[in-house]
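Working notes for the structure below.
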């Protein structure tokens, strides 16, 4: 078995022997600069007493200058540190405690002489290997967290988070993970799997006494930035009484600030695939040689949005010896099985808490659909939102441009909504996500970027204005409500008369839905005012055209061609739904091939309907990380 955990200093030492020079990946800061020469270096060749006196005076002045320069260096270094922290706070949060601890470790490694390196090596040798560590073992299936034998610090954090009794996925996965087993888990969204993998990970870091200089010991890979931020928030609460550092690296955030944090040492790291691969390949001060645990969350979603190649490269780069891997996926596809094969050790434990359930969706969720012509869809949505202003609602659309248009329109006519989609800058996405999480009421309109894994409190309604790509996407969308024990929620899906065949696929997927009826007298008819507004407002007209085009493109790229056939759409009615009296002239080429991203997505799906035959519309990438 491998020896003790290596330190950043020992890795630097090896790099020095191999490449020469100082072996450091980045330029030294003012703090790391060595002091100016001492007095003995001032006049080593002088022999007369007079010259020695002059040398002493000169040496004393040099000492004073060096001391002043050292103070200035410390001051400027601190200011730079504060600026970087501000940058990190606006782009992607990293624990403030990790900065302090990492600074201490860096300061302790400035001395380049052999004695200091031997001392660091000796300290690293004191860290036990995985074989020498005994994590708690549990007999039977515990019901409460206190029965797991966890450390006092972890139990205190769990208690402060308000958790006492475990969910089924937690009862069945935490004990084998504490025992060091590799796990392939499947559970419904909202089942509590985040704590299932974070608790064993934090216990392992604590037992091995990981320090910032030891680098990253636990790596969690997430499909979307919002889900990564959410996992980071849970990790921050769970680690609040531990000394280990934690952080996050995601696309759209400040890469330089992230690299600085990684070089200081982040023991528990949450990341999205693209940005993680970037740091693994290009941030040389990023120490991941001591990785002990790899968590891949929402693996099926990661592969669907086109990160298959990145995940294969990541798994290949990361050390595999003595590494525990946890792979969680809501559905088991061929690609997920392939990823499990290359990432998990032989004989993993497969845990599925859903296969015995009668329904694929959670209890407490009332699910319905409404059959509505295309020209009446917006009128029904407007009427529904107007009557439920005191509720917390999420509305799903098929494309970013559809979200942008409807957000601009609804806000313009004094029906306030928030928008979330992949074309927004990361800071805007983050602010919107947390604003809606903290709101007691309001409406969020979004693409499927918000459909997977996000734990948004107390959502009353899920509205699927545009149809999901298949039953799995439907399940993940409605999973944003009725989260947690005894929680309640409702969902409503809009279907056109030509789309009722989708109900058969939902039934096969064990999804119970009933038809909701909305009396015509309850629907506010604002069609004439809508058409007048779109005709007179240049910016809304332009946005409506973009939304109309994107809707048709997304519809044509649907995986269930037998149900969602773009050639069966009544374009006059569809255009009216976007506020046009007649369909606008737009540049769409029928018969064009699907994009590479959509092909990858559809190849990874199960046969829920007819497969792509190469006929469709050109469209832009539907999903964003």
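Using N, Cα and C of the backbone, Cβ positions are placed for all residues, glycine too.
Annotated by Swiss-Prot as motif 'DEAD box', the relevant range among 285-288, 289-292, 293-296, 297-300 is 297-300. Of all the Cβ atoms in the protein chains shown, 20 others lie within 10 Å of the Cβ of residue 192 (ATP binding site).
The Cβ neighbour count for residue 193 (ATP binding site), using a 10 Å radius and every protein chain shown, is 26.
Under DSSP, residue 193 (ATP binding site) is assigned to a helix (H, G or I) in the three-state scheme. The average per-residue pLDDT of the prediction over the domain 'Helicase ATP-binding' (174-350) is 91, rounded to a whole number. Neighbour count (other Cβ atoms within 10 Å of the Cβ, all protein chains): 22 for residue 187 (ATP binding site).
The number of other CB atoms found within 10 A of the CB of residue 191 (ATP binding site), across every protein chain shown, is 22.
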